[in-house]
């Protein structure tokens, strides 16, 4: 055939192919138009953390027997356990317990292997601060339970 006619045929096929691709993209775009928005207005809306969420560690001072299992299973030897041996009863007495959340990787090994269950993970994840030294929590600050997102009336909770 003539080169001009074949050029017009190729041009027509390319035009049809381009229109089909544009139509497919438009169909995909329209399929997303009727979905609900997924944006969360963070300070005023929060997602409820799942049951297995690994947030800040909660520590119960009275249950701890200063066995230091948490230190041994921690991949970075993070918890600092200070204890004193009571010679009359031949038991360890816990003096101080602290965790630096600036270094903690929230692996959960300390919680999993604690024999007395004095450690547990909370749903608190808002640990940001301007000074990294404020992330070093002692037994008093570790013992405070965080305010539950569900109980906070100023925040609208959103289920996953």
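Quick reminder: no glycine exception, Cβ is built from N, Cα and C everywhere.
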Remark   = For the [4Fe-4S] cluster 2 site that Swiss-Prot gives as 104, 107, 110, the extra residue out of 67, 74 is 74
Remark   = Looking only at the binding-site residues 74, 104, 110, residue 64 ([4Fe-4S] cluster 1 binding site) has its closest CA neighbour at 110
Task = Determine the minimum-neighbour residue: among 64, 104, 107, 110, listed as binding-site residues, which Cβ has the fewest other Cβ atoms within 10 angstroms?
result = 107
Residue among binding-site residues 74, 104, 107 with Cα closest to the Cα of residue 67 ([4Fe-4S] cluster 1 binding site) = 74
Inquiry  = To the nearest Å, how far is the Cα of residue 74 ([4Fe-4S] cluster 2 binding site) from the Cα of residue 114 ([4Fe-4S] cluster 1 binding site)?
reply    = 11
